Amino acid sequence: MYNKTLGCLLGAAIGDAMGAATETMSASQILKQYGAPVKEFKAPPPYVPARGRRAGQITDAFSIPYFLLNEILEQDSQITRQTAKQALKKWGKSEYFEPFAGMTTRKAVKRLNDSEQMSDWEFAGHLGNKLFKGHYYALSSNGAACKAFPAGLLSRGELDAAIEYAVEISMSSHDDPLSISGACAVAAAVSEALKANTTVFNLVQAGLYGARRGEELARKRHDIWIYPGPSVKKRIDMAIEIALKAGDQAYILSQLREKIGNGPAIAETVPTVFGILIAEQGDAMESIYAGVGMGDETSAAASIAGAIAGCFHGETCFPQELCSQLEAENQLQLMQMAARLGGR
């Protein structure tokens, strides 16, 4: 369990840090900037959100779930919406907030800081008041999916437990069925990846189950907000079809990019990640490279892919030099975190 837990943490962190150098760029811009696919940590150029940071430093995609796991360990608590709120408030005071907070998370942190006297329903109303009426995806965004892997890790391979935890985490900031569906897809896949003799097929099937079940649970709640948007589950079905029928890997990735996309919408990033996992046959580093080169929300895609595939294979699938550079640049102490999580 330790090996898989550490693999998940390393994969999520390496994917985020490597994707920081290509975030918001198109696939063609990435190749023009670097001359080849990015397969190592790079210093981010001046026109991406991580500008000014060093090669190998993480962004919001990993730092938010990292803060969540620290909160759970420090408080010896379970995954609840309140725990997720407290972790998000602490993250809002960190170095990561100003350069990296997305539209949904930025507003959620502000509301959390203003919500001390609010009831849960009043707080939900402030979260879900359609602040971005012209762009609903500002609310149904991939931030919910990035911070879902802790739900899978703490589920001990119980998919329904992972889904329930993911709902709680998502409700702290992304309180709509689409966000919750995508988060539950990721959590369920990580939960499945903890099992000793699982397969890529099983990971994808777990993701489909999580997406469907997560949306069902969300729509039964009374403290939820409904936004228009495509089904995450049906988009995962599309990604599976593309990955199985499109041909060679490069063409599969181009078809995922062009037909599903890798933008901020959770119904883009999460399905594309599952397509990547199929195309790369679950290989952790190749899945991360694919996410980094996909363009647009590269930190999110590479981090989610790394979390699932890293858990699937365990920590030995990652080059030691990358792990050492990651620790030197961020002081994350992931080995200690994995050991503490394994002891819960």
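Each Cβ is built from the backbone N, Cα and C atoms, and glycine gets one as well.
Per TrEMBL, Mg(2+) binding site is recorded for THR59, ASP60. Other Cβ atoms within 10 Å of the Cβ of THR59 (Mg(2+) binding site) number 24 in total over all chains. THR59 (Mg(2+) binding site) falls within neither a helix nor a strand when secondary structure is assigned with DSSP, and so counts as coil.
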